[in-house]
């Protein structure tokens, strides 16, 4: 099932019993976080707060609170189907040369489909049904969540930020949290390596002193939202990928005040500029680590215009100690990552990002080991192949007889197949999440790799232990007798 816009997705979720309308007044200040957190931990439905205290605009929360709803948003019927999306991305990232004419013809439909999903620009769009400009702009009219008691101010969380660098034809889509500091100003918290920050830096170099155009889409269709957090190849735009997920081209409309193009069916659009040099201290905020982050300075985004649909819906979330929505997204997108990694490293049999590891800070890899040192090659590959894992602090690699998603198995492998000194890889001075206060320097820290595989000659001089395996005939006989034993 594919969804044209957020409202279409809401209807689809409601028909499946995956969305609950909340008629009781609930405040965006702390209360929505409590309700959404309890619901997410119970694997409950998406929530549409129809009467947020003090506001006329409904708030949509816990939208991607289960892996199943993430899969639905990507046009898949089950989480398992996300592997097929991963296979498509793996192919597009590094397409294999055709083995012959027949093979070339078989791959042609894939490329034709990708080309046919180029975004479609429209003149009129529902996201511009209502236009608010100049002194009438007031972010205080939006039910922006204040998520945690120690948060400094309301925080925009699901904004899809649209930018374009001066040297690029393609726009960048990124999701960056935005602290509200005035009726028309927010702080754009983008890290220096992220697409929006790179576009801004290039703009300042080429157009010194000139304001940098920015747009933020709130309440886009699910395919576009999820396309912005998926490892899309650099040769494929997020909008085109969203079209592939949705099954039809993404409709875009030109902003009223710039040449940026935004999702035409989004609920709310913020248009404006960043004035070079205008910075402000951001935070503290409770984040996905379960802690409040330290204060740091980031650019200020001045909102010059708000356009929106009639009776818009505000899409929001919170981040905190896992499980939260980012952790659930990580669980679902994990299935997309597996085929992409296997394309580069066919020896990998599974890859798992434990949600307890704050979405990406720890990875467990199982593999078919083929030579001494092989596990170390794989762990180094995980850190370097996809930029999504540049902040992964711990990589555990073990054999394919281990279930990467079962801590009982993983811990057994670590404690029986590892020598701490020989099998631990430490790398210093590597990129680390700026929200990671455990690193000695902000944005720079170490990584640890754990080789929990069976050791080959060259890695050890000792006779390696043999795993105990039960006798299959005895197991079958006891299976047949079990009911007669009266044990359970």
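The backbone N, Cα and C atoms fix where each Cβ goes, and this holds for glycine too.
Swiss-Prot annotations:
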ACT_SITE  287  active site, proton donor
BINDING   172, 238  Mn(2+) binding site
BINDING   175, 176, 177, 189, 190, 191, 194, 195  prenylated FMN binding site
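The structure, with features from Swiss-Prot marked on it.
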residue: 172; record: Mn(2+) binding site; DSSP class: strand
residue: 177; record: prenylated FMN binding site; DSSP class: coil
residue: 189; record: prenylated FMN binding site; DSSP class: coil
residue: 194; record: prenylated FMN binding site; DSSP class: coil
residue: 287; record: active site, proton donor; DSSP class: coil
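Using a 10 Å Cα-Cα cut-off from residue 195 (prenylated FMN binding site), the recorded positions that qualify among 172, 238, 287 are 172.
Taking Cα separation as the measure, the residue listed as 'active site, proton donor' is nearest to 177 of the binding-site residues 175, 177, 191. Separation of the C-alpha atoms of residue 176 (prenylated FMN binding site) and residue 238 (Mn(2+) binding site): 16 Å, rounded to the nearest whole number. Reported as a whole number, the C-alpha separation between residue 177 (prenylated FMN binding site) and residue 238 (Mn(2+) binding site) equals 19 Å. Sequence-distant neighbours of residue 175 (prenylated FMN binding site) (same chain, six or more apart, CB under 8 Å from its CB) are 158, 159, 160, 161, 225, 228, 229, listed in sequence order. When the Cα atoms are compared, residue 172 (Mn(2+) binding site) and residue 194 (prenylated FMN binding site) turn out to be 10 Å apart. Within the group of recorded positions (238, 287), the Cβ with the highest number of other Cβ atoms inside 10 Å belongs to 238. Comparing residue 194 (prenylated FMN binding site) with residue 238 (Mn(2+) binding site), their Cα atoms are 15 Å apart once rounded.
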